[in-house]
Every structure is written in C-alpha cells, then in structure tokens.
Amino acid sequence: MSMKYLMLLFAAMIIRSFANSGNAIETTLSEITNTTTDIPAIRLCGPEGDRYCFHGICIHARDIDGMYCRCSHGYTGIRCQHVVLVDYQRSEKPNTTTSYIPSPGIVLVLLVSIIVCCLLFVYRFTRRTNKLPLQDMVVP
C-alpha cells in the first residue's frame, strides 16, 4: 500500500515537471509540497529531516514509518550521497591498435631467439665434426 503512494507521488512529480519545463525532469520543493497535499500519507520530513538527504529532498511516508530521499540529478543512494559517474570507456569504441602492439614484439623476440638457437646448434655441430689437425687442412 505504501509503494502505491510513492509511485503515485513520483508519477505526479514527473508529469508536473514535464508540463512545466518541456523535457527536464526536475522537481522543486514547491512542486513536492503541492503534490503531497493531495496524498496525506506522504509529506515532507520537516526539521527532523533537514540534513538527512545530502543531495536531495527528504520525504516522510507514514505507512513506511521512515524517511525517503528524492535525489537531485546526478546523485544516487539511500541518502543521495553517491555521485553518478559516467563510464566513458564503455561508451567509446575500443582502440584495437593498442591491443595488437604486444603481439609483434613477442613474435619478433621469439623469432630472433629461434634463429640464435639454430645458429649456435649449427656452429657447435660443425665444430665437433670438423676437429681436424691444422696440417691436414693446408692445401699443398
């Protein structure tokens, strides 16, 4: 039953803000006061809730027996204490060139290592098989 009143309040605030400002969804304190007079179960918190909401307006719902915050644009949380951060990395297309930069470097290092190993193997193999004395190598 209390959610019904809260939904009715927010629907009235949104409709009223669209009617007054065209496309902006911003609610002033006077709009909430005018809306809550129609619904006696929901009212502004008063002096006990002045500092309850950090970035928003405090509303007291009788059925819930507690305070509820209507956050200003750009804030979220139970007491409107968190700033809504926009993640720009997800909105942009990922840069594919930076993801391929390590690949050629790794391939180049592997290729050079294989070539060096092959040259060392050939050098040692030919050195062992060709251990001939120096006088035999001299051509007459």
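Numbering starts at 1 and runs along the chain as it is shown here.
Note: Cβ is positioned from N, Cα and C throughout, glycine not excepted.
Quick look at what Swiss-Prot lists:
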type	residues	note
DISULFID	CYS45-CYS58	disulfide bond
DISULFID	CYS53-CYS69	disulfide bond
DISULFID	CYS71-CYS80	disulfide bond
DOMAIN	41-81	domain 'EGF-like'
CARBOHYD	ASN34	N-linked glycosylation site
CARBOHYD	ASN95	N-linked glycosylation site
SIGNAL	1-18	signal peptide
TOPO_DOM	19-100	topological domain 'Extracellular'
TOPO_DOM	122-140	topological domain 'Cytoplasmic'
TRANSMEM	101-121	transmembrane segment
From disulfide-bonded residues CYS69, CYS71, CYS80, the one whose Cα lies nearest CYS58 (disulfide bond): CYS69
Tally of residues which DSSP labels helix, strand or coil - the domain 'EGF-like' (41-81): 3 helix, 17 strand, 21 coil
Length of the line joining the Cα atoms of CYS69 (disulfide bond) and CYS80 (disulfide bond), in Å: 7
Cβ neighbour count within 10 Å of CYS45 (disulfide bond): 18
Pairwise CA distance, CYS80 (disulfide bond) versus CYS53 (disulfide bond), rounded so that it is a whole Å: 6
PLDDT averaged over the residues of the topological domain 'Cytoplasmic' (122-140): 68
Integer Å distance between the CA atoms belonging to CYS71 (disulfide bond) and CYS53 (disulfide bond): 8
Chain-internal residues, separated by at least six, CB under 8 A from CYS71 (disulfide bond): CYS53, HIS55, GLY56, GLY77, CYS80
